[in-house]
Amino acid sequence: MAALDPHSFTNASQPRTKHVSLSLYLDFSTSIIHGSGLLLLESPHRGPFSLDTRSLTIHGVIDPTTRASLPFTLSSPDPIKGSELSVTLSDHSSFLISYSTSPSSTALQWLQPPQTSAKTHPFVYTQCQAIHARSVFPCQDTPAVRIRYSALLNIPSELSAVMSARHVQRRSPKKDEALDVVTPSPWFAEGRVVEEFEMEQTVPPYLFALAVGALGNREVGPRTTVYAEDVASVLDSAAAEFANTEDLVKEGESLFGAYEWERFDLLVLPPSFPYGGMENPRMVFLTPTVIKGNESGAEVVAHELAHSWTGNLITNKNNEHFWLNEGFTTYAERRIVEAVQGEEIAALYNGIGWRGLIEDVERFKDNLEFTKLKNNQEGIDPDDVFSQIPYEKGFQFLWRIERQIGRPAFDEFLKKYIATFKFQSIDTETFLDFLKANIPGIENQIDLVRWTEGTGIPPDAYEPDSAIYKQIVSLANEFKNGKIPSEDEVADWQGLQWELYLESLPEPIDASQVNTVFSDS
């Protein structure tokens with residue numbers, strides 16, 4: 001097998017999937033999706049064809065034209081990659097798979113009513129990054145493969161659905177549209193509706209996303225609607241928090257070029273969502289903890305928005321080059337924040353990031369491979385080595401280039417980079433070749449190999465330098481002497497300042513220090 005990705009069974013010598021048509025019956029009573037997927041390939045293929053699956057039951061594979069069964073095998077599970085589905089094709093360019101998910105699907109989070117805000121209806125959502133789309137549908141689950149997709153979601157009529165795709169219509173189920181779903185009768189059962197979606201731009205499979213629940217919405221801009229559980233207080237708070245989202249989108253466009261995804265909608269998930277946000281195109285998923293009543297959640301939104309150019313539009317080829325997604329996005333996010341909220345706020349985020357980078361480099365001191373930007377993840381679950389390093393060391397690398405050539409030149413370079421590689425998946429070498437071609441001699445000014453393949457923090461990385469950053473770090477350093485900030489010193493602090501202060505406290509801190517400080521206060 002010609003390996004394409006250490007986390008995928010996808011064979012580089014086989015054609016790539018270009019479109020997937022899904023029919024999905026969501027059974028909340030069993031926490032299972034019964035589905036069919038019609039895969040369309042770039043070219044006909046003869047012989048075995050490999051797909052990724054995890055915890056899927058494969059009911060059958062057929063030729064969609066002749067309805068003849070196609071031979072397939074499903075391997076025993078690999079603890080990281082799941083099971084390889086191998087389908088034997090005879091010059092086929094399309095085939096249809098009938099399957100069911102498992103309640104243990106790593107991408108699907110099924111919530112019972114008590115786990116939601118309203119506590120009246122169930123809820124389900126997906127989290128497919130990094131390698132979990134394969135537990136929702138069989139696919140070439142690697143960011144090296146970009147697909148278009150359509151989906152029919154058959155759901156209870158009291159619920160509604162959103163996806164990382166254009167909503168086409170909500171309607172009654174149609175006869176024969178789900179012929180190969182293993183539960184054909186319930187598809188037409190009373191009390192069921194179909195929500196239809198279409199994703200016309202190519203995306204890596206990890207950006208496939210759906211959520212179904214009792215949803216309401218508030219329109220907050222010409223390209224943005226905020227969705228959440230249909231609870232007035234939740235919707236009103238979310239709408240107020242994200243009222244200025246259009247300003248962020250416009251600023252992103254001025255910095256990085258046209259916004260290519262038409263909509264930038266936001267879904268505030270129930271409290272169990274374990275991430276700050278997920279950059280699903282057209283429908284960003286957000287934790288409710290970003291709703292703080294002071295618009296400070298804009299930084300999380302800015303990060304997910306920045307992914308619209310760096311990550312979604314240009315994608316890392318596999319997770320060994322994850323910094324191409326997250327380092328660029330962290331840089332882009334902070335440029336948006338700086339433009340909208342000012343240099344001092346951006347400096348605070350830079351400072352928090354710097355502290356996080358130091359902490360995670362220390363965390364991997366016994367496995368320095370994962371302090372590299374480009375690293376070897378063969379036999380490694382990407383979820384096990386997730387850290388701030390690709391975010392913050394990647395940011396530092398791009399900031400270093402900006403300081404070397406100046407911001408105007410770097411801005412011009414960024415726009416050209418995005419325009420050149422949009423809707424493509426690339427690796428570190430592709431980026432470095434482009435960098436050297438467009439900024440001649442840069443390799444003689446910056447040690448590019450040290451930055452991308454070296455361990456730890458390079459000596460020419462840059463600790464943020466601003467008055468408010470220095471003040472907060474100085475106050476944090478004084479903690480070891482038993483001094484805490486005075487009321488006057490912290491009178492104007494909000495969550496961001498306190499976060500940097502707490503991140504900067506010397507370690508370790510023992511109980512006696514805490515007791516001394518607070519007894520004196």
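Keep in mind that glycine also has a Cβ here, set from the backbone N, Cα and C atoms.
Per TrEMBL, domain 'Aminopeptidase N-like N-terminal' is recorded for 91-176. Annotation comment: TrEMBL describes 253-437 as domain 'Peptidase M1 membrane alanine aminopeptidase'. Under the heading Zn(2+) binding site, TrEMBL lists HIS303, HIS307, GLU326. Positions annotated as active site, proton acceptor by TrEMBL: GLU304. Feature annotation from TrEMBL assigns active site, proton donor to TYR391.
All protein chains included, HIS307 (Zn(2+) binding site) registers 25 other Cβ atoms within 10 Å of its own Cβ.
Cα spacing between HIS307 (Zn(2+) binding site) and TYR391 (active site, proton donor): 12 Å, rounded to the nearest whole number. Distance between Cα atoms for HIS303 (Zn(2+) binding site) and TYR391 (active site, proton donor): 11 Å, as a whole number. Distance noted between the C-alpha atoms of TYR391 (active site, proton donor) and GLU326 (Zn(2+) binding site) is 5 Å. Between the C-alpha atoms of GLU326 (Zn(2+) binding site) and the residue listed as 'active site, proton acceptor', the distance comes to 10 Å. Within 10 Å of the C-beta atom of HIS303 (Zn(2+) binding site) sit 24 other C-beta atoms, taking all shown protein chains into account. Assigned with DSSP, the residues of the domain 'Aminopeptidase N-like N-terminal' (91-176) fall into helix, strand and coil as follows: 6 helix, 39 strand, 41 coil. Using a 10 Å radius centred on the Cβ of the residue listed as 'active site, proton donor' and all shown protein chains, the other Cβ atoms total 25. Sequence-distant contacts (6 or more apart, same chain, Cβ under 8 Å) of GLU304 (active site, proton acceptor) comprise GLY277, MET278, GLU279, VAL284, LEU286.
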